[in-house]
Structures are given as structure tokens and as C-alpha cells.
């Protein structure tokens, strides 16, 4: 670098950096391209040096000249000439939509073809033809640059950056990961020509995936008809999907409208060197056309070829200018025009004999003249036929080209351009017997041949032309008209068929999309079924885990049985205590009632409310807060119809003394009617303040109290002023079961169910089983706070009694109100409706319902806290009985309705660890009330809780485990709908099928070779599976549902058979060449201790290059079909190597990132390499090219691809 002075950086591309420098020796400007080869091995560096040496020896006016190359600081520097005119890409952008002239396009294209021919003739591939690599000099000469560099950089990451930066020039075989060949350069050449004609890329798409699909389909917008048919036809040939159908660069240069421009850009000596390099016999006889003054084209430049080919030594006749006169030219011209090369020597012999015989005798001359006339006549007939055939062939090619431009691939018939090519190959020189002269020489002299034909008709053939040619002309004209009409009809029918095919193709696309969606949906359903089946079965292959699971199941069953037995024992004990306390309370009430009746009889003149207040227990509270009549309360909950019956049964059990006092009570009621009316009004006003919508019914009840009393008298029952007395006095038998709040009924709600007439049912139990409206749940907790703490001391003895039953967990926070306060706390009101609602569909424990309640509970400030005090003087006894009654209700529901094993199932992820540690907390009395921390911990949405409650397994254990034997949880409905609407059933799960139609053999290789344990695979892919199976991020982990399960028996047998097949028949998967490459790569890996690059990226051996060569006639160098058949094997093998070298997680991350960028229409694909290199790091940066090829090939084979 000391010989050059850096001026500025002018670009960066596949090669690395390009720097403009100035030479200190000659002062000229050069471009130095810096290539980083530090990552290459020594062998690859040697190969790179040889390649650069070959490139430096190429000298051609249309190729950027290499001056020298050297290495410094781990980089390869290539010095080449500087083109001041910029590149063709900038020139196209400078047009700003104005199309180029066809002559300008063809001039540039011919120069590009000449440069590419120079490269291809030396069996070197360019591999990076694009408008940015085609440069313009000051005088407008086109020079091709950067050729061969992609071959040098075959194993570096820069090649991958090239593919990302300029994906518009990729050929279908590259997208399909097939070997690169010379026809891939032809495809890129067609892309450049299309860009010159339209100023746009032939294949454009919003993302890489769609671009690859467009390239594979081979459909491109048609070129403007402003350009000639020859140019459009050439373009369609360059864009053939099959590489063997594309012409070679030599065939392109043989076309007439291309060949006539060669002379403008190459000197005669260069033309001779370039075109004689391949076949010397082609251009040996070509000085003949050079003498014609009318041609003015480059064919006359073949005269200097005498010095190189030495035609005198070959043909025995010196080729000089004076040897060929105008007369001989006239004789030699028509045969090549008539395509009768084999008759040229015969004509020549006939003319020599004619001259000899004319000098000898006139008779012989006349006979020869007659023979010559006959031959000329036949030649003319053949010429006319040839013209007609050529016209028909041209029309046919034009129709094919139109169909090709419209994108219909099925219209083409076999051998599209073979006939034309063959006809031109049949042309040879006048002296040479070779049938391989260039097509361009014949077509260029059509005008000269016609002029000579006219001169011959006027001078030498006037006699026989008038007789014979005149006789054939009318018939010939009629034939032409008929052929033209037939061609027009055929063209119309052809266009009609094309329209029908277009319509049928559109219908076929719709059918295909429907079938593809069905296939994807079927695959998705099958995977879900297999996943559910695998998750639900025991793991046969893993004996230890199976045994542990069985032991855990047995332990859970035993634990549940013991819990159930304990629950039943507790329920029995509590029932016995409840019965005993009920009897004691009943006896106490009986005695109190008798004393009360005696006192009322003795002091009948004393007002009844005062007597009741003296015996009521809590006068101060009754003075402050109004008394709620039990009639009004029971009517509100729908018990007004059954109240009388219940009262009858309770009164019959109370005492026979009650019936004997009925008359006395009736007289007392009549005497105290005025006082009762006054008192009733006060109670009525108090009730209206609390429950506003009951005013009218209360008022009617109080006004019609006398008639109501009569109704009770007619029934033969005890008549008691229930509306005027307190709750404990009027209904002492049921005071043990009364809940301490007013039940407010929604006026618009559905009517309540009628309770059965069972004398053993308590009010508390009925209220607990009743289906309450929302108003009963919306009580304000703060309104009861003082009452709860005020009464807390009254229940301490009861808690002491229950401690021997171990019904209170030590770990529960004492600040939370325990079960003894539930008799007047609104939390019990929350439990009851939830419990009844939960039992409608599926029985569950009370703890689950309490945890779900706060998400739907709202406070209602409309209910004042003055309704709490309905306690009687027998407060402690009533509270004890109510507590026991509630416990009995809960325990009976647990025993009767709950499924064994449902203990703590739905809330196992939400429970406090302290509660889980208690062996009996699962069935505790306090299960209906959780500590405050548990209520704060509930952050899940209601839908998620419902899904968890529905899909919880009965065998689920209490502690949280990472592995679960429960059936799988169904995916969220929303995520399923999204998957159905988008069709992406298998896009995000790496364990699913990668494409719709191809098996993922990488999993098979991974199973046979990597053999990771099931647990390891699960831990590695846990995060990915969680993202798929659990759409709600705040929800609990679904890791137990995504355990990588062992396959069932059928899948194991399939894997075993495929493993045996792979071991016994390795030759079936790869061809011999591929096997040798794999073996050699394995040897290199063993020697170096690292994974060598894939064989397609290793330029060190010729057999390992992912290249092949296609000639014009593919018979001579036909590539083995095994290479195409094993494309899938290449892909899966490449996938396997990448997973082994990088690790599955990193490989999958990079793969998905590249795929996402390719599919994102808004993403700039040029930044893909930077992002991916940051993920890969320096260690795996060289693998980017392989990952890119894999992504592109997967996208190519994923959709419909016929070839």
C-alpha cells in the first residue's frame, strides 16, 4: 500500500471495501478492493491467490483491467483500473423514467456479452452480474467488473451479504439451492437487459420470501412493444426457468442483430482471437464477405485470420483479395441464402466444366446451360419454400414470445428455438465443409442476396425467368394470401385459448389455496391429537419417571382418601355437637318462652314492647337501630309462602302450653291494637330507610294486620304479633340460623326458586343454597369492620373448642377475620352465591370460589351499615349454632358434591406456601376465607381463571411441579381463532413440521446423532413453548404442558426402521461425489478439530464446488439427476450441520430472524447481515451464508413448485 495514496472510499459490497487511490509511480487513479481473508484456512488462501492470478491475466477491452494484488494485515488487496463514468446502475437512475434507445441498449448489451464470453470461455463463472458491477469509461465503453471474486469469497460471509444486498439477480436454481452454473450468469444477464429496457427490476417484491417465489415462477411484466421483437424474444429466452433452455453467451452472440454490432467494439485481431478460440474452423473461410463494399460490418475483419489459422496450409489454395472476383461472389452467394451448403462444391465444379466445354464445343455448353437452368429453378422453388418456412417459424416464435411475456409457461412447445439454431448452424463458408458458421453472417447479408438476385434476373436469367418464374408467381401469391389468413385465424384462436387458460389457472389457484389450507389444518389437528395422546400416556421408555409418577399418584390418592376420611369424621363430630347445642338452645328457649307468657299474663296492663325490651338482651342497640320484622325479611328471599308451614312445625315442637294460651294472646292483641299500630308505623318508617323498594308491601301488611291475624286464627295456629316484636322473640326456633344482614332483592331479577318443606332445613342452609342476586354480594366491607372486632371476643371460647379438631391453620394471618366472625361478616355472603353458582356446572371447593370472587365483586355504598344489629339477648348461643350450622353446610357440600382429588386444584398456583405446608389446610373450616395476601395475589383475568378451573385435572397434586401427568390444557380461544384466520398453524413451533409437504429429517438426524435427553430438550425449548401455549403473559407457567414426550410405539418403530435404513444404505441418500465430499470434509474436521464449512462453500477442491456447467445441447454434459433428487438431502444435511455446530437454540433464533426479515415488507433487508452477525458473534459468523441459503431454499420449496 505504500505505492498508493488513499483518496476516498467509493463503495462497499460483496468484496468488502473499495477505495479510490492514486499511484505514486504513474500518477493514475486506481481502485483497490480490500477483502478480508483472515477467516480463511491456509488452503483456501492459496486457492484465492491462484484465482486472483487467473483474473489478473485476463485482458479484454470490456473487462475492468486488474493491475496487481497483494496481501497485508490479513486482507487481500486487488488493484484495478478506475472507471470514471460510474456504473450502469447510476446511469439507469439518471434517466428518471425516460427509456433508453434500442441501439444504445444493444450496444451496451453486446459489450457485456463479449466480456462474459471471454470469462466463460475460460471456464470461469462471474457469479455476481448486476448493474452495479458494470462500469462505464469516459468514452462510453462498458466494462465488466468484480467477476470471479464471488468464487474467491465462496467461504466467507461477504457472499451472503451480496445475496442480501442484490437479491433481484438470483436465478431459480440458486433460490432452490441447486448448483451454480454458467446459465445462472445468463439469467443475471437477462435481469440486466430487462433493467436497461424498463429501468426496473424484472422481479420485485415486498419481502424476500415473495421475491424468491416470483423468481421461481419466472413471471415478469412484459417489456414495452416499443422495442423490437428480436430484443423481446431474446429477453424471454434468457428468463427460461430451466437452465438448459437458456442460450449460452456464444449462442447469444451468434444472433444476427447482435453479431453485426461486434465489429464496432472489437478490433479484427481480437475478433479472430475471441471467436477462433472455441472453434478455429468457424472463421477460417470468412474473408469472403469482407470484400463486399455494401456490408460495412465487422465480418470483413476476419481477413487477418489468415496469419493465425493458415488457411493455405489447410485448403491448398492461397486466400488473397484478387482470387475472388465479383462473378464468383455472385455464384457463391445464393447457396448460403438457400441453406444448401452441401451443393456449393457442385456448383463450383459445374462452372469450371462449363468454361472448359465452352472453349471446346458449343453443343456441350448448351447442354450444361440447360442443366444449370433446371438447377436454378429448383433452387428458386426451395428458396420460396424456405422463405415460407422461415416466416411461419417467425410467427410461431412471436406467438410463443407473447405468451411467455404474459407469464403462461404451458403454452410453449418443445424445441422452442432449436430449429432456428439448427438452420443457422447449417451455414458454412464457401470453402469450409464445417456446418458451424455464425448465424449472424447469414442474416446480415439478406439485403445483399436480394440485390444480387435482382441483378441476376435482369442480366443472366431473363430468358428462363420469364417462362418459369412467371408461371409460378400467381399460384405463389394465392398461397401467401391463404397462409396469411390461416395465420390470422390461428393467432385469434391462440389468444382465445390463452384467455381460457388464464381463467382456468385463476380457478386452479383458488382450488390450490383451499387445498393448502385444508392440508395445514389437517396437519395442525393431527399434531394436536398426537401431542394430547403423548401427553396423556405414561412414558414407557423412561422407567424411572414412570415409577415416580405412579408413586406420586398413589400418594395423592392415599392423601385424598385420608383427607376425605378426616372431613367425614369432622362433619360427623360437628353434626353431633350441632344437634346437642340445638337441643340445649331449644330447652332454654322453651323455658324463656314459658316465663315470658306467664309474665305477659300477670302484667297485661303493661305495654308489650317494654316487656320485650326488658327480656330482649340488648336494649341500647335496639333503641339506636330499628328492628327488622322477620315477615319482611322472609318475603324478600321468597319464603313468604313457606313461612306459615315452617312456623307451624316449629310451634308444634315447642310446647303444648302454647296452644292453651291462644285465647289469652288474641285478647291481648285486641286490647293493645292501638299501641301496636303506633309502634308498627315506627317500624315501617325504619324499614323504608333501609330497603326502599319494600315500603308499599310493608304498609299493606301493617294496615291489614287484623285480617292477617284472622287468617292465622282460621288455620288454627298460634297468632303472634310478628311485625311488632323482635326477631329473637317472634322466631326463636330459627334465630340460630339467621344471617346478620338484610337480603335485598332485585326487582328486575328472575323469581327465586321455592324451597322445599323440610322441617330439618335451617334458614342459614337454605339461604346458603339459594341463588342470590348481585345486590347481596355488593356489600361494603368497611361497614362491618367495627362490628366484627367488637364481637370478636364473644367467639374466642368457640375457637378454643374447635382447636382440638385442628380446623384452624396456624399459618393463617390473624389479622384476617376467621370463620367465627362469618356469621355477620359480608365475606360469607360472598361465599354463598359463588358456591351455588359454581355447583351449577361443576362442583368445586369453597377456596377456589373465594379466590375468584374479588375479580367480580364490587362495593355497593347504597346499603347503610345500620342493618347489622339483629342480635338478641341469646347472642352467644345463636352465634355458636350459626357457626356450627355453616360448618355443617360446607362439610356436607364437600362430602356430597366435591370430586375426590379436587382439593386445592384450581388455586394451587395462587396459594400461600404456608397454607400448603399445613397437612389439613386443604379441608379446613377456614378455607372459605383466605388471608389478605392471597386476595392481593390474584392478578389473573376472569377468563383465564375460568379456563384453569375447567381444565384442571382431578389427579393434579397440591405442590407445583414442573412435569405433569394431567391432560393438556386447550389453547385460548383467541389464539386458536388467530391461527385459523391466518393459516399459520405451525409457524412458531420449532417442533412442528417445517413445511407443508416435506418431512423434517433434521429431527430424525437429531434423534439418532445428538441424542439429547428428554429433560434437556424440554429445558432448552421451554421458553419457546411457553410463548406458544400461553398467550397471557401474566398467567402461570405452562411448562408442564410442553414437556417433550417420547413417541408412541408406532413412531418408535418408524424411527428404528429409518435408523436401520440410514446405517445400511448410505448411498441412497447421497451420490458418490457427495459421499466423497462428506468423507473428505469429515477427515478435515477430524484433523482440525473443528467443523469445516459445507462442501458447497469450500473452494479448495474442485469436486466440492457447488457449480456445474451447462452447454447449449445438454446431451453432451448432462448433469446427473441425483444432484437434483438429493436437493432435499442437501438441505436437511445442511440443517443438521448447522444445528450441531451452533446448537439448536441459537440456530433456530438466527433462522427465525432471517426468515422474519425476509417476510417483512417494511423491513430493510440490507440490515439483515448486521443483525444476524451480532447474534452469531465471531465464533459462528462464517455460518451466516449457509443459514441464508437454507432460509431461501425452504421458502422456495414451501410453495407450489413444479420443477
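Placement of Cβ uses the backbone N, Cα and C atoms for every residue, glycine included.
Keep in mind that this is a model prediction, so the values were computed, not measured.
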Per Swiss-Prot, the phosphoserine among 620, 1037, 1071 is 1071
Which range of 329-357, 358-386, 387-415 is region 'Disordered' in Swiss-Prot? It is 329-357
With Swiss-Prot as the source, identify the stretch among 534-568, 569-603, 674-708, 709-743 annotated region 'Disordered'. 674-708
Choose the correct range: of 814-866, 1132-1184, which one does Swiss-Prot annotate as region 'Disordered'? Give that range. 814-866
Among 434, 618, which is the one flagged in Swiss-Prot as phosphoserine? 618
The answer, for which of the recorded positions 12, 128 has its Cβ ringed by the most other Cβ atoms inside 10 Å, is 128
Rounded to a whole angstrom, what is the C-alpha distance between residue 128 (active site, proton acceptor) and residue 12 (ATP binding site)? 14
If you draw a 10 Å sphere around the Cβ of residue 18 (ATP binding site), how many other Cβ atoms fall inside it, taking every protein chain shown into account? 19
Among all protein chains shown, how many Cβ atoms are found within 10 Å of the Cβ of residue 16 (ATP binding site), not counting that one? 22
Residues with Cβ closer than 8 Å to the Cβ of residue 10 (ATP binding site), same chain and 6+ apart in sequence? 18, 19, 20, 31
